[in-house]
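Worksheet: the structure to be examined is printed underneath.
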Amino acid sequence: MTSTVETDLTQKLETSSLEAAKNEISIGKDTADIIKAQANEAFKNGDYEKATDLYTKAIEIYPDAILFSNRSFSYLRREWYGYALIDAKKALEYDPKYIKAYYRRASAYMALGKYTLALSDYEYVTKACPNDKDATMKYEECKKIVTRIRFEKAIAVDESSKSVANQIEINTMTIEKEYDGIHLEPDGRVTKEFMFALLPYFENQKKLHKRYAYQIILQILTMLKSLPTLIDITVPAKHKFTICGDVHGQFYDLLNIFKLNGPPSEENPYLFNGDFVDRGSFSVECILTLFGFKLLYPNHFFLARGNHESLTMNQMYGFEGEVKAKYTAQMFQLFTEVFNYLPLSHCINNKILVMHGGLFSKDDVTLKDIRAVDRVKQPPEEGLMSEILWSDPQPQNGRSESKRGVGLQFGPDITERFLKLNNLEYVVRSHEVKQEGYELAHNGKCITVFSAPNYCDTMGNKGAYITITGDDLKPKFTSYAAVPHPAVRPMMYANQLSMFGLM
């Protein structure tokens, strides 16, 4: 009798525990669904950071393929391609047939330049959904890119024998009688008068004659070839110096910087820290303006390479399409050649190191090592050059995998050791949207400056620039809002597949 009672009691307890577990799971899923709905609303409103945080909370409660796929989507919008790829793969672990996860993984692969892997995912989607026109379009576009890359590799020749600059004949480019625009000097020199006529000329959406555009680009190529990878800048006592971050083809915001802070001159020097082009649809105007000022003030106007001064980025995010639309395919090839010669970093008064991305996977990197980097090439996927262009700071100590899928993330201890080893006070980098246009991290020793307000007309952020003086290296920040621009949307000239974030 006792045995029967114990058995019945055990069964009831097991049944009760099972029911409780089921109820707990049900409650957990219901809670996760509520949070997911809030995350979806934040995503819809363009608050991708909040959406990411909410998806993460929902995943902690009740993880599934949909939540990981949705968070991957948020990461894509934030350009955290490495994290997006990880989440897309995680979604497929939960549900190997979840089609949206294949979309997300393909998008991350595309952003990382892994076109063959992206093609495989797009192919899977088209087979699973043969009537999906969007999937078919993406598959065909990706297939074209893979085919083109294979063709380019097949016909590749020695770099020195295929310089685009050697193929350009300026003298054959005549100035038509009907051209009523501004002119360079007969010898091709850029003058102060020319630059101050160029700004309002571009502001009124006028196009500089291709002869003059080519002359500016060819002159800048010659100049950049003479420069080292790491440039030392001396700012005299009491003299101001301005550091700007990404401008991303937002020409009218670039003009606003000059209106707020004064135009470039020998008394008002500037450093623009990479990512001059892509995204914004006035990249040609931005880059010709920046190149023009560099020619006019070679020792008081400085340009550093960003991760978007590269072939893969330009093919995806608009610069290639824009140059071809406004000028020629040959000019785009020339820009690609010029970008290879841009310096990678600048050191101000031996105390401030400025580069586009961030620090390194090794602790023993010195300024001498940076000077020795062979920069004249497309950025590799790893190594010092890649890390200079792609890395990001993180709040915790140590290093971790890059949220972008290229470079790495480095903590305050990494920054502190690097500064101590190289006798520096702080580093300035760009590369990331910040709501106020700037951010101080790592106890103020790692500073981000981003100069493209309302990035892509969607982010709502301010832009900023930094000013210092030669005898006071403490950074001073100026934030500013976006200004109106003509009705030409961002990414107007971008490859269709670069719009992966809309999938």
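Each residue, glycine too, has its Cβ placed from N, Cα and C.
Neighbour count (other Cβ atoms within 10 Å of the Cβ, all protein chains): 26 for HIS308 (active site, proton donor/acceptor). Look at TrEMBL and you will find HIS308 tagged as active site, proton donor/acceptor.
Look at TrEMBL and you will find 208-484 tagged as domain 'Serine/threonine specific protein phosphatases'.
The repeat 'TPR' feature in TrEMBL is assigned to 32-65 (among others). Same-chain neighbours of the repeat 'TPR' (32-65): 25, 71, 73-75, 77-78, 91-92, 94-95, 98, 101, 458-460, counting only residues six or more beyond its ends whose CB sits under 8 Å from a CB of the stretch.
Taken from TrEMBL, the feature repeat 'TPR' applies to 99-132 (among others). The average pLDDT the prediction assigns to the repeat 'TPR' (99-132) is 92.
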DSSP residue counts for the repeat 'TPR' (99-132), split into helix, strand and coil: 27 helix, 0 strand, 7 coil
